[in-house]
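I have placed the structure first, in the form of structure tokens, so that the comments after it can refer back to it.
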Amino acid sequence: MFSRFLTATTVALAASMASAQTFTACDPTKKDCPPDPAVGAKIVDVDFRKGANSFFKNADGTALKYDKDLGAVFSISKETDAPTISSNEYIFFGQVDVTVRAARGVGVVTSFVLQSDDLDEIDWEWLGGDNAQVQTNYFSKGCTEVYDRGGFSPVADPVNQFHTYTIKWTPDQLDWIIDGAVVRTLKNTGVAGCSGYPQTPMQIKLGTWVAGRKNAPQGTIDWAGGLTDFSQAPFEGYYQSVKIQDFMGGKGATAATEYVYGDRSGNWESIKVINDGSEDKPSSTSTTKKTTSTSASSKPTKTSSATTLTTVTSASRTTASTTSSSSGTNSTSSSGSGASQTSTRTTSTGTSSVSSAPTGPATGAAGKVGGNLAAAGAAALLGYLVL
């Protein structure tokens, strides 16, 4: 649970940010790792108003409640609370729509994160003391040497109204979308290093946590808007629904059961798209699926050194019709209003250009710098929780 890493080690991790986002159970750019189970051709449509869904696993210490109107309730009552869930399967490019109402409260953070085994990452984050905007960010291979990739987008009353936040991710372009309106775009220009494009298979992670805790670094507290006042607890974020579509590499695959890193490059072209029963499956690659809980002792598989995308078919991808085990269908309509009229679009090429944010108690120049730093800490905490 969150208390297990709210220790001196983790506080230092969030403070320096140099070590943030560098934890993974197995980094395929450094050694052979188990394959990533794929979402594949099915459409995953989760309605948390109908209860828990087996597509997601709870982090240690996470106990959620489910409301027939609000969905999954992520509640924080003390500094060490950090309810978090992660998907059991991965997408290799795709679209994820999350309808959420962020948790209120200064210092309380609500997060929607995509993260890969080699620490590519795409983020949405809401601060409970900033009811006018949402933060976006991305990372390449866990690099936290520079902090110029964060963005801010206005959104109407995110702690009191539901909005649908979307990540649409292809080999060429990444869009952050609010209620159907694109608010930020990142182009894949082939730039390497810290500003590289996120491009390897990712899990979906949802959670809330406390940045405004008493023993947090001052920079993190400043970013979060101040210390959290627990006399006002509980602080609750509500995840109503999640819809997931896997583009399976984005190059014509019509089925996938798992993704395998073909070499140590971390380039998307090297990822093998595996479909059970295909004669095209590389003979040197094990196809034993990851379990939902990966341990350090998991036996790595031998991977091929091929450097081109391997798929089971070259036909154009058709619309998937298989659904997950959700007991209901997702409603992506938002109960909020005004986001599409007030949202601004930011286009990034190589490095991210950041849209300006209104100045307020939790914003301003200092807050933006702290946000870029602390966002990396959020990723590290979520990653540590669920791996």
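Cβ from N, Cα, C; glycine included.
Curation plays no part in TrEMBL annotations; they are all automatic predictions.
Residues or ranges marked as disulfide bond by TrEMBL: Cys26-Cys33. TrEMBL lists Glu125 with the feature active site, proton donor. Residues annotated as region 'Disordered' in TrEMBL: 274-362. What TrEMBL lists as compositional bias 'Low complexity' is 283-362.
Here the features listed in TrEMBL are placed on the structure.
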residue : record                    : Cβ within 10 Å
Cys26   : disulfide bond            : 19
Cys33   : disulfide bond            : 22
Glu125  : active site, proton donor : 21
Glu125 (active site, proton donor), DSSP three-state class -> strand
In whole Å, note down how far the CA of Cys26 (disulfide bond) lies from the CA of the residue listed as 'active site, proton donor'.
25
